[in-house]
Amino acid sequence: MPTLSRPLRYAALAGWFALLAVTPFIADNYTVRVAITVAMYSALALSWNFIGGFAGYPSFSTAAFFGLGCYVGALSQRHGVPLVLAWLLATLFVTAFAAALGTIILRLKGHYFAIGSIAIVEVVRLVISSWGSLTGGGDGLNVPLLSGGPDRVASTVLYVMLGIMLLAFIATLLVDRSRLGFGLRCINQNEDAADMVGIDTTRYKILGYALSALFCGTVGAVYASWVGYIDPTDSFSILLTVKVPVMVLLGGAGTVFGPIVGAGLFVLLEEFFWANFLEWNRAILGGIIVFLIFFLPSGILKLDYRRLFRRKSPADRVEAA
C-alpha cells in the first residue's frame, strides 16, 4: 500500500509544480533547462500512460507522435500560420494520425504490437527524411524562433510545457474516473473477457491510443519552436521512445501520479550521471532499467514500503523459510 494519502499526493504535486514554475526566478539557465525537460517528459509520460499504463499495450510510438508534432508545427509556422495556431494544428494532426493508425495497428497484441509500433517510428522517419522538398530531408529544418531574449524564451517554454503537463494530468484524472478508464483497465486485465461482456474494446483502444498521441504532438511542436532547428534523427529518436515507457514504469504504470514521479526522478538521475559519470552514463542508466524490470516491476508508487521496512515477526520468518 502507498504511504501517502491522496490529499498528500496532491499537495506534493502542487509543491513540485510550484518549484518548477519558480526556477526562472531563483536558478541559473541550466536549471531552467532541466525544469523544461522535466515538464516535457512528464507530459510525454502521462500521454504514454493512457495506452501503456491503463490499457497495458506496450507502445513505442511516442517518437513518431513527437516527431510529427515537431514537423507539423514547424512547417505551419514557416507557411505563415500564427504560433499558437501552429501548435494546435500539430496537436490535431497527430491525434487524427494516431486514431487512423490505431484502427490498423491495434489489431496486434503483445510483442507483435510493440514491434509494429517501433516500425511506425522508422517508417515515419524515413518518409520525413525522403521528402526533402517539404521537410528539408536529412539536412533538417529551421524553425522560426520565439521572440525575446534567451531568458524570456526559456521562461515562456517552461510555462507552456508546465501547462501541457497540467492538462495531461487533468486528462489522466478524468480518464481514471471515467468509463474509458474502466474499459482500458478491463482490456489490461483480460481483453477477451472484456469483449465478451460487451465492452467495445476496439473503440476504447483507439481512444486510448489517440490520447497517448495528443499531448505528444503539442509537446513536439513547442519543442521545435524552442530549439529552432529540427532533423529526423533528433525528432524521431528511438532513445526517446524507450525512455518514456521506462519513466512510467519507474513511477508506476496505470497510476495517476506515477508518470510524473517517474519522469522527474529519471531526468534528475540522468542529469546527475551525465554530469558526473559521462563515460558510464548510458551503462548506469541501462543498469537502472534492468533493476527496474527485475526488482521494481510495479513502480515506486505501488511499492509496499511498510512491508519492506517493518521488522518481520516470528510467523513471517517461519513462512518465509
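Counting begins at 1 with the first residue displayed.
Keep in mind that glycine also has a Cβ here, set from the backbone N, Cα and C atoms.
Because TrEMBL annotations are produced automatically, they should be read as predictions rather than curated entries.
Copied from TrEMBL, the annotated features are:
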- 7-26: transmembrane segment (TRANSMEM)
- 83-106: transmembrane segment (TRANSMEM)
- 113-133: transmembrane segment (TRANSMEM)
- 153-175: transmembrane segment (TRANSMEM)
- 206-226: transmembrane segment (TRANSMEM)
- 246-268: transmembrane segment (TRANSMEM)
- 280-301: transmembrane segment (TRANSMEM)
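Under 8 Å from some Cβ of the transmembrane segment (246-268) lie the Cβ atoms of residues 9, 13, 16, 34, 37-38, 41-42, 44-46, 48-49, 52-54, 56, 165, 169, 172-173, 176, 185, 188, 289, 292-293, 296-302, all in the same chain and six or more residues away from its ends. Counting Cβ pairs under 8 Å to the transmembrane segment (113-133), the stretch among 7-26, 83-106, 153-175, 206-226, 280-301 with the most such contacts is 83-106. Against the transmembrane segment (206-226), stretch 83-106 has more CB pairs under 8 A than any other of 7-26, 83-106, 153-175, 280-301. Listed by sequence, the residues of this chain that lie at least six past the ends of the transmembrane segment (83-106) yet keep a Cβ under 8 A from its Cβ atoms are 57, 61, 65, 68-70, 72-74, 76-77, 113, 116-117, 120, 144, 146, 202, 205-206, 209-210, 212-218, 220-222, 225.
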